[in-house]
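What Swiss-Prot annotates here:
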BINDING   G165, R166, S167, S190, I231  NADP(+) binding site
Amino acid sequence: MSAEILDGKSLALKIKEELKKEVQDLKNQGINPCLAVVLVGENKSSQKYVSFKEKTCKELDIQSLVFKLPENTEETSLIKLIDELNENSQVNGILIQLPLPKHLNQNKVLERINPFKDVDGFTPFCLGRLLIDSPLFIPCTPKGIIRMLDEYKINLEGKQAVVIGRSIIVGKPLSLLLLKRNATVTMCHSKTINLQDITKKADILCVAIGREKFITSNMIKKGAVVIDIGINVTASGKVVGDVNFDDVKEKASYITPVPGGVGPMTIAMLMENAIYAAKLQKRVVK
């Protein structure tokens, strides 16, 4: 029997409809949410993600400001722009599209963002708040994954959760959120030995390694919940995940497709964070 599909696309549409009403309520109070997105360089994937974010802002009537900077932008220039956006009271959220060109210090750049405008949740302040179970902004992809698991009433308490990938974007914050739900979490990465022995014990397997169709059915146990966070483009131009979907779906109980799983939820959570930032700064919430 094939796995049930965790339909992130449909859930994201439902969430966006609710957010659209929230935006209208804020506008009725004279509050106009505004998200600033900074893109440095010519990375094609980054350009595509930024266009998705612009499009979704437009759908929800959130103002978006996109700053496209050349590949050779100096760090001082980027920091100066962030400082200006921090000071601009009309801008509620600031997002630096990652990855940055290699000559830029990602940590230094992210640290410069005002934590109360850090809608990606990547500043040391926001990550620290997440660590002590008092989050301000939760990184969008992990937040979307947990929301999806909740929607499908997938219980995490006492379950063995395996996360492959240790970035601050997905792996580390997702592990913290799973721990918060009382899962027993194992984090794996490129140096993990005997990976298959670990993945086969997972009740919940979350994969974010950037390797096309890497996870196969012989690497999971029957009935596992499989969350595919990978986005890879094949030689033919097809978008696929880190999981061999057609193979694994015959053994898993639930699985996310790529596209249409985690990706749409990430964008929806970004919009939710942007709206929350506007409320926070205008003191609609505390």
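Each Cβ is built from the backbone N, Cα and C atoms, and glycine gets one as well.
Sequence features, as recorded in Swiss-Prot, placed on the structure.
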residue: G165; record: NADP(+) binding site; Cβ neighbours (10 Å): 22
residue: R166; record: NADP(+) binding site; Cβ neighbours (10 Å): 18
residue: S167; record: NADP(+) binding site; Cβ neighbours (10 Å): 18
residue: S190; record: NADP(+) binding site; Cβ neighbours (10 Å): 11
residue: I231; record: NADP(+) binding site; Cβ neighbours (10 Å): 19
Distance in Å spanning the most remote Cα pair of G165, R166, S167, S190, I231, given for NADP(+): 17
Mapped DSSP class for I231 (NADP(+) binding site), helix or strand or coil: coil
